[in-house]
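Residues annotated as transmembrane segment in TrEMBL: B:6-23, B:65-83, B:103-127, B:152-170, B:213-229. Per TrEMBL, domain '4Fe-4S ferredoxin-type' is recorded for B:291-321, B:355-387.
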């Protein structure tokens, strides 16, 4: 972003990568695929790079409002300094926080999640599913991330991205507004679960596997971790792939 | 005349007692922190019409929705009949609305059918709870009293409807006998089948009819006074509760204004915050919660839809959103009682956190909003959990060690993991 600014240019959209997308090896792949899609459709985008910082979401959900607001205010200063208008995020948690909780602290932007961007691009005819891996007829089940689905009512955009694949979409018993959490939200990602009889991600994976999918589609790097761990535990890594919507889209377009 | 005076006295006493108890509940709710929910009145009204009147969130589970619909409609419509009973009781008239003619017959006929459906639904509800023992109606928080409460409500409704139908059956039989005072009015599609069960002499029938009449109306007044002590209070509070419910996206958590001033002052030394009274961060006790949270607690009818979709509860953790609501209600009621007995400044040394809700429960929450989504009357257990977490973290610095580690990473490395901020852009280098 700093380079664009120095060149006196403004991006069409800022890609907010997020901490998982920046550091987590698995999520980095998703990040690069989102970039490939942006590049593929010729959208002028920028990232903040090392100027990006945690949105404060995990701190807020853990109850640390101080830390959240410190992070938020710092980020808002950076975003406002670059005169950012529109943001796409690779993570539903960043999406929810910037979209809903930043405006009250002085940061108002048009914020979309990457699955919404993909939906828009498909609607505008800029993105199709051709020239790459064929998902035709493959059984795909989509896991709704809580902060995208129930948190913000976005159920259709990710499904739209899958519909163009001509794949066989199968819904889990608990889906959309009734979707079951992967177990990572509310800062659970960063701690061991409380005593219980089962881990939440295992409960979810059991349900996903009931649909006999070839692909489990995700839209959140934390869900990705939880679901991938579940698949590993069930020893189904060979048969079932857990892929982000962005990865599926990139593959389908041969990017 | 004696009967009329007796009726008046009983009715006034019942209403007075109910008012006293209702005022206590309002007082208890006002013990909560203020929060403004008077914006967007039109949207709020629509929400109330849809969710409370329209029962829109009940349909997710069709069987109880179907049964509950009859009980609900019965409750709303049979109350028109109560109006007639009131007038008859006060003025010594009998079936005062009979002048409506054919329409009156239609009304009474409809009430009878509704009364029967209410009766049947309540019987099925009792079977679901006590014979089929549906999982949703059990759990750590479903101790003796909540279970009895549910059964008392159902049995009372069954008795009230039975009395109503028997009263009509006796009345219909008296009308056939041409008894004086029992004018020919009403239609009896259900109670006609009960007529054979009744005695055939006029004097005995009058005793049955009058007994049922008194039982029905005193039962209703007694039930009204049972409401403030019961989960059944939802029949009244479902309406304000949905009206004042959160209209923002569920993922959005409130930004604490009290924290905002301190953060601004930290980031900008020249910032002088406006004078605010020093308060607690988050909630330790029920009085630290907002009045909305407390109204939520009084609205909860312990149906358990929240707990049955909670990922933590499903996988055997201690957390149960229904328990959060019940604990909040029990605690604020306890505080209210303490105030009644010992004055407004009374402290009993107990608190919602630890004495009612444990740390293990609040830290098991994934903040997934499934409980909020599932509640048929828009109760928000998540907000209470978050307020308790805020207290634990900001006032006590008592979080699980791994959460503390995550927060210190955010503070020092601008990410929840211990990576160097300088490496944040490295993803772009690897292919």
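Easy rule for this one: first residue shown is 1, then count along the chain.
Backbone N, Cα and C define each Cβ position, glycine as well.
Stretch with the most C-beta contacts under 8 angstroms to the transmembrane segment (B:213-229), considering only B:6-23, B:65-83, B:103-127: B:6-23.
Summarised by DSSP class, the composition of the domain '4Fe-4S ferredoxin-type' (B:355-387) is 18 helix, 1 strand, 14 coil. In the predicted model, residues of the domain '4Fe-4S ferredoxin-type' (B:355-387) average a pLDDT of 98.
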